[in-house]
């Protein structure tokens, strides 16, 4: 060691792990970091794989928080739910940044390994589908995509039949005494939610008297945050796809950019957007 070289290792730092769990063992890094298996020899396929795997990890956390928030709202514990939903929004903002990295992939680079994907596509992401279900956008026909894996198909079937975040938010309105139409309360929750005048009237009253309905107002704003971030994610997705493959058909069989543009018009919480015009 050179005389002017400083020792940066503190005396108390643990170095003997013969009988103790290490950082890598706790995070199962051997398994995690060996999951990036390229199907081509092209350098940039690693970027493509890592971006999508990282997004799936973030989506796992989103589902963890959304499901917990739904249970909290069911139990009238809105304050803990607010923290969970705020965390979801932060995660969404993080995922959006990943499109900047993927956009460094040029069309010429992508076509070098695109055929290796076969028919695999982000459209088949079961976690993204479960997020849509948790937010209330139910698509029963999409379950066919997952028939290859019976266990996964069963999980999605359960998610399809579970009340969404918006379903429990509407129940919170009912508990506060708002008269919500019975057709909304008894609807088939396996189908996409359709806006309702009584739900809109309830939210309008919440926004008109924020002090009286503070918790419901906060819940509504948390929902708006999540949908806002999701729409930003969808827009960045669409523009990144357009930048890389133009208007070619997607690997999953969709029309590509044209399909992604149509998706931008989907609303999860329509009445919460409508009240902004009505106030």
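Each residue, glycine too, has its Cβ placed from N, Cα and C.
According to Swiss-Prot:
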- 48, 49, 50, 51, 52, 110, 114, 251: substrate binding site (BINDING)
- 237: heme binding site (BINDING)
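Within the same chain, residues at least six positions away from residue 52 (substrate binding site) with a Cβ under 8 Å of its Cβ are 122. Cβ neighbour count for residue 51 (substrate binding site) (all protein chains, 10 Å cutoff from its Cβ): 16. Mapped onto three states, the DSSP output places residue 251 (substrate binding site) in coil. Looking at the residues that bind substrate per the record, 48, 49, 50, 51, 52, 110, 114, 251, the two CA atoms farthest apart are separated by 18 Å.
When Cβ atoms from all protein chains are considered, those within 10 Å of residue 49 (substrate binding site) total 16, not counting its own.
Same-chain residues at least 6 positions away in sequence with a Cβ under 8 Å from that of residue 251 (substrate binding site) are, in sequence order, 114, 117, 118, 119, 120, 121. When secondary structure is read from DSSP and collapsed to three states, residue 51 (substrate binding site) falls in the helix class. Counting other Cβ atoms within 10 Å of each Cβ, the binding-site residues 48, 110 show the lowest value at 110. Residue 237 (heme binding site) sits 16 Å from residue 49 (substrate binding site), counting Cα to Cα.
Counting Cβ atoms from all protein chains shown, residue 237 (heme binding site) has 19 others lying within 10 Å of its own Cβ. For the binding-site residues given as 50, 114, the lowest number of other CB atoms within 10 Å of the residue's CB is seen at 50.
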